[in-house]
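Heads up, the thing below is written out as structure tokens.
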Amino acid sequence: MENWKKKKIGPNNPTKTVSKPEPEPEPNADIWSFITERSTKSWFLCISLFAVLIRLAVSLHPYSGAQTPPKFGDYEAQRHWMEITVNLPVKEWYRNSSSNDLGYWGLDYPPLTGYQSYLHGTLLKFFDPASVALFTSRGYESYLGYADYSMLYFVTVYYSGKPTGDRSSMAWHTIMILLNPCLILIDHGHFQYNCISLGLTVAAVAAILSDRDLVGSLLFCLALNHKQMSAYYAPAFFAYLFGKCLKRQNPILEISKLGLVVLGTFALVWWPYLHSVDGVLEVLSRLAPFERGIYEDYVANFWCTTSIAVKWKRLFTTQSMKLLSLTATVSTCLPSMIQLIRSPTRRGFLLGLINCSLSFYLFSFQVHEKSILLPILPASLLAFEEPFVFQWLIYYALLSMFPLLRRDDLVLPYAALYALFVLLYYAPRGRKDDAKKTLSFYSILQVVAFACSLFLHIIYLNITPPDKYPFLFEAVIMIFCFSQFVLISIYLNTRQWALTKNSSRPDTKKKRL
Amino acid sequence: MKTPPPNNRPQIGGVWWPALVAAAVKLLLIPSYRSTDFEVHRHWLALTHSLPLSQWYSDATSEWTLDYPPFFAYFEKFLSFFASKVDPTMADVHRGLNYASPPAILFQRLSVILSDVVLVYASHRLTKGGNFGCAQRLLIWCLVIWSPGLLIVDHMHFQYNGFLLGILLLSISFLEEGRDLIGGFVFAVLLCFKHLFAVAAPVYFVYLFRHYCNGGLVKGFARLVVMGSAVLAVFAAAYGPFWYYGQIQQVLHRMFPFGRGLCHAYWAPNFWVFYIILDKCLAFSLVKLGFDIQAPTASFTGGLVGDSSPFAVLPTITPLITFVTVILAISPCLVKAWRNPQPKMVSKWISYAYTCGFLFGWHVHEKASLHFVIPLAATSLRSAEDARHYFYLSIVSCYSLFPLLFEAQEYPIKVVLLLLHSLVMFFGFSSIFPRSISTTATAVKGGRDNNNKQETPTFYIGWFGKFYLLGLLCIEIWGQFLHRIVFGDRFPFLPLMMISIYSAIGMMYSWIWQLRMISLSH
């Protein structure tokens, strides 16, 4: 049923007109019109119900660490946080003590996550006290722990969707955003709450795109305080807002207003820890786990990929590694930041978000596979304008997470969601607007790359690697994805800069007029 | 105006698209709850794999003896060929008992998903004709392929209804095209897959006799012979081998176990629910009035134990009574089919026959409501009235299937499925029968059957429908939340009983509506 949603009103006739029996409408025209022709609410309702259905179905599958004592997995981590936050006073949440063993899934996200766990835990305590009892509940598994905060994500997407183009394309676009397979797999399969911080980010982007900068920065600060990973977006937010303020009449005033909002939000969220410097440092040290090394597992970023040739961990100390990765990250973010400051356009902002978060993914310290979700989010917001890049990014993001998901026994939902994404992407639409894709060179490249990735999937599933290199295939997948991400990053950076050239021309013309 | 569909190609592709999306969702549902039917089918698979044909219907290793007709057994045999490659244990009669390894589950679930190809093809065939616009086609495909009832019963609860209903739709599509011989042949095949479909046999018989075997005595007789031999050939192929081994009696005994009770463990929402309730009420009030009424010792579900009746006051119901009632209920449509056999009514008649079988049959299972809900989908776009009826019916039928999935983790899934289905129906129907005041012809674009021009082609739910659906919501809320608060652990059967009775009201409405439409049609 959901299929309906897929949209695409044919450009020509809104068939529904009740005129005389006309010649049959073009077979391809506007088959989804019966959903899309009504109000925005109707198709949004259908799409989001479908998205909920998919999420519910995915959550039937195993989650990370199901039935694997002693440490279980991310599901247990979330549950443990509820246990901690419900039973201990706020100040002790991040402190190692006899009742709070930080070695066992200590809270390592910012305070907002703590508050959310607290709320959620309180609720759970009401229904099932055993699940959050201190200590005794470790490894407790039940379906009760499952709460779907994606609603937040939906609602924000809904509002962010509002201002754009015609309904049927919006419907398709909304599907692309809501049925992002990577996010569903990580949040509902692997089990995490990325949808909250990502939803807040979408809301922030939407607010900023509709010129409510203050609201936008408030929301973004909340996102930042839910998962520190949202910092990947910070450069783009900063650059865009800064650039926009500079264009205003009174830059200083605008900037200080934004600054106040940001500081205020932070102060509010961090209030319980602000009483002493120690308190703040305690939390901060939990948030930045530098002791875990520059990379873990086989994540498709620069450090991990090049470590095959260069043994970074041996060559440098953690301290210098930190500096090195910081420099690399900042320098790769710079081009897009500069572009944003110089000409802050809406499209540039979205491109900048992708570019900055990709640089972070590729070069920052201690990146996890799931961090690829961050570049995907703005890419999905641009799915309509840049369908090609979006699709490309999704395919390889999925591939890069494949080893992780396989460990969680999520191959089946992985395959189903992969297929679903391809199907929805190529949903029959009225128009043939996809035909004139991007350069054919890229299309060929895409086909070749896609074939490779299919091949890799099959190999990875079916062939046991040689004893000497047990992680051979993971490494191959990683290198392959890394190369794709770098390509995407370069391509998108050029797109963003091309924007300056295009937009500066009309601008200068206007000035001349 | 039979404009042939301008280009067929995109449309063939068209049906696969919703089907593939459906398949992706079905894949996601693989780990959901599965009923004992899973073990039933696994056992049949093992049975047909490890035992010679002569023992298929006499083996009693498991309580789940083979009780479907031979074609289904052959089908299981076919599956077992692959199953034994995937996981030999699952195809072993003794070692495989209650066996459910991940590969076995995956294999069985995939076999259901793959066999749905028949359903997809049938729904494509059904909508091939010139009287469907693009949007209509898509809507029908999605009503059939995405039917929440099928998803619940086949892909969660576990059964192979999708492909059996596919065969039924295939047969209907041939009849609608006027290809009676092959339509009858396909129906005979279906009967050899699952004999429960035989309820529509009288309709088939009368229709084929009057529509196919006409044109004079000689030609008619010749055609009767042709049709008869086609059907006989099918039955010979199915039952011949068992006849050869002298098993035929045993086969029939297994297929018709009348030892079961009038109702299934959970009362299917049919007419007998009212009968039982009436009996209870009467007994209760008579006792209050001082009469001495024996509490019945037998139960409705357990079968006829000795001579005792499960009813306290009213006369007991025997299989023969249900049989006669079903025939009586079907008879108006048999008369219509006899007088004026027309292809375009055939799917309605068949659905009506299944409705009667569902309402008045012996030991009916709630899943049987799919037998008429799915075929009716194809005719739901003929008029706004049809659409409205289908809208209620499919909601009621899906809701009555809810008790099949009772575990907490599937609860939100079934609710979302039903909501989504109702929304799509609502939006789809109201866009095909829009509200605006039009005089003609929006109902069916280029359709052959714009008979009822006087009826305004508008889709609306109406006060009765709204009231009924609201009641449905109340029943659900009561069953899920309020009941536990008000009664605690007492009366655990009450919520299910309420669902059953309330759905039965909806089913009765649907039956009366269908009966009325059939008697009014020309």
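Glycine too: its Cβ is placed from the backbone N, Cα and C atoms.
Features of the protein shown, as given by TrEMBL:
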- B:12-33: transmembrane segment (TRANSMEM)
- B:134-152: transmembrane segment (TRANSMEM)
- B:158-175: transmembrane segment (TRANSMEM)
- B:182-209: transmembrane segment (TRANSMEM)
- B:221-245: transmembrane segment (TRANSMEM)
- B:266-291: transmembrane segment (TRANSMEM)
- B:311-334: transmembrane segment (TRANSMEM)
- B:390-408: transmembrane segment (TRANSMEM)
- B:415-437: transmembrane segment (TRANSMEM)
- B:457-479: transmembrane segment (TRANSMEM)
- B:491-512: transmembrane segment (TRANSMEM)
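When the stretches B:12-33, B:134-152, B:182-209, B:221-245, B:491-512 are ranked by Cβ pairs under 8 Å to the transmembrane segment (B:266-291), first place goes to B:491-512. Residues of the same chain lying 6 or more positions beyond the ends of the transmembrane segment (B:134-152) and with a Cβ under 8 Å from any Cβ of it are 11, 14-15, 18-19, 22, 25-26, 29, 116, 119-120, 123-124, 126-127, 161-162, 165, 169, 369-370, 373-374, 377-378, 380-381, 390, 394, 397-398, 401-402, 404-405, 414, 417-418, 420-421, 424-425, 428-429, 431-432, 444-445. In terms of C-beta pairs under 8 Å, the stretch of B:158-175, B:182-209, B:221-245, B:390-408 lying closest in packing to the transmembrane segment (B:12-33) is B:390-408. Counting same-chain residues at least six beyond the ends of the transmembrane segment (B:457-479), those with a Cβ under 8 angstroms from any Cβ of the stretch are 383-384, 387-388, 391-392, 395-396, 399, 402, 426, 429-430, 432-435, 438, 442-443, 495-496, 498-499, 502, 505-506, 509. A contact between the transmembrane segment (B:491-512) and the transmembrane segment (B:390-408) is present, since 3 or more of their C-beta pairs, 6 or more residues apart, lie under 8 Å. Distant neighbours of the transmembrane segment (B:415-437): 135-136, 139, 142-143, 146-148, 151-152, 380-381, 384, 387-388, 390-391, 394-395, 398-399, 402, 443, 456-461; these residues of the same chain sit at least 6 beyond its ends, with a Cβ under 8 Å from one of its Cβ atoms. Within its own chain, the transmembrane segment (B:158-175) is flanked in space by residues 34-35, 37-38, 41, 72, 75, 108-109, 112, 115-123, 125-126, 128, 144, 150, 182-184, 186-187, 189-190, 193-194, 197, 207, 343, 346-347, 350, 367, 370-371, 374-375, 378, which lie at least six positions past its ends and keep a Cβ under 8 Å from the stretch.
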